[in-house]
Amino acid sequence: MNLQIIILAAGQGKRMYSDTPKVLHHLAGKPLLTHVVETAQQLNPNAIHVIYGHGGEQIKSSLPNLPVHWVHQAEQLGTGHAVLQAMPHIPDDAYVLVLSADVPLIQVETLQSLIECSQRQNPDHSVLALLVAELENPSGLGRIIRNNQGEIYSIVEEKDANEQVKNIKEIYSGVCCTLANNLKKWLPQLSNSNAQGEYYLTEIISLAVQNKTPITSLTAKNSFEVQGINNRQQLQQLERIWQQRAANQLMEKGATLADANRFDLRGELYCGKDVYIDINCIFTGKVVLGNGCKIGPNCSLTNVTLGDGCEVYANSVLEGCHIANDCHIGPFARLRSGTQLASHCKIGNFVETKKAIFDEGTKASHLSYLGDVLLGKNVNVGAGTITCNYDGVNKHQTIIEDGVFIGSDTQLIAPVTVGANATIGAGSTIRRNVPPDELTLTESRQKTIYGWKRPVKRERD
């Protein structure tokens, strides 16, 4: 089967009150359009055509790697006119599935069923299949009109509906599937004689009836699948639905969430057994949590892998890190891109790392900056230690070998190497390589000035 998918993404989105095109607004960390394209990809189509118009160049430049064929709708003359723009690129014998970029939560299983409906009833594949839904509040949506036999013969848009039609609960989702040849016959016949002065795609239903093309419908199992986004309130509502579904899926697979309503996933999260996630945690990109991991409250993890038995304490921020088994991080720690921890490492409160590679058992427990540094096994980094890695132009590396003990308030001026089992005295500024197994310090004599008095403030006249 040749399957061609058309995604309508040309709308202006006036009710968003934004300079950003509506389809670029994010839900669960991704643009709305990306959600729909990723769902479409799971159907293995021959092509995905995205119809763009308002803010089109911004859309294309923001999503340059989408595997789609971009089709420009120069004038936004309605949904029917938008679909018509793609038809020259689609062979007559292909099936065409029409989706909307602002309906992001539609499920691939639903679309597969709709495609099957479009093939089921007639051997010449001329059926028009519509995705419909029953909504308690159908306001703003096109209503399905059926005859006495229950057959669909029309769809009436909200702005063209009388009070009787507005009372109908069954709505058209904007999603349909039929043979391309049907659309090529019907679309040029559309009229813009309606309240909006637009060429509605929904008018193809009346044309299908006139041509005696069978119309079938599939009712969406979940109302959220057909919910569109026209304003920021609706965006927030679907965000919470998406997050709740993601939370439920994680809990079904064995993770514990302290509060599913205070959990945010903005990418992919893979959890081992007996993972615990406290409140207000944000997971972005691809995050992997090994067996028995615990994530404290108010943490942010972006593109992070944690091994088994790791614990991240409250208010810690991790980005682009790979953490091995049984490590402890935080509270209030910041691990930046390029940080790698071997097993049994500890990063304590108010420690920042960047491009820092820790071997087994190494600890930095308090108040340190460790950037562009290689640390061996069982190193102890004292409070207030800083690797001074930037000379104003270039970054330089610090190497700290196995078993080193670094006293508090030490500055390591890179490039510099500290030999194995060396000890650095507290308050030292290390500018040259340190030999192994020795104590190195930069001594400044302590001096007492006897009889010195503090200045006394004088009262002003």
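Please read every residue number as a count from 1 along the shown chain.
Even glycines carry a Cβ here, placed using N, Cα and C.
Matching Ser408, Ser444 to the acetyl-CoA binding residues that Swiss-Prot gives (Ala383, Asn389, Tyr390, Ala426) identifies Ser408.
In this structure, of the binding-site residues Gly78, Gly142, the smallest number of CB atoms within 10 A of the CB marks Gly78. Neighbour counts were taken at the CB atom with a 10 A radius for the recorded positions Lys22, Lys354, His366; the maximum falls on Lys22. Residues Ala383, Asn389, Tyr390, Ser408, Ala426, recorded as binding acetyl-CoA, reach a greatest CA to CA spacing of 22 Å. Ranked by Cα separation from Asn380 (UDP-N-acetyl-alpha-D-glucosamine binding site), the recorded positions His366, Asn389, Tyr390 are led by His366. Of the recorded residues, Lys354 (UDP-N-acetyl-alpha-D-glucosamine binding site) and Asn389 (acetyl-CoA binding site) place their C-alpha atoms 11 Å from one another.
Among the binding-site residues Leu8, Lys22, Gly78, Asn230, Ala383, the ones whose Cα sits within 10 Å of the Cα of His366 (active site, proton acceptor) are Ala383. Within the same chain, residues at least six positions away from Ala426 (acetyl-CoA binding site) with a Cβ under 8 Å of its Cβ are Gly382, Gly407, Ser408, Asp409, Thr410, Leu441. Distance between Cα atoms for Leu8 (UDP-N-acetyl-alpha-D-glucosamine binding site) and Asn389 (acetyl-CoA binding site): 50 Å, as a whole number.
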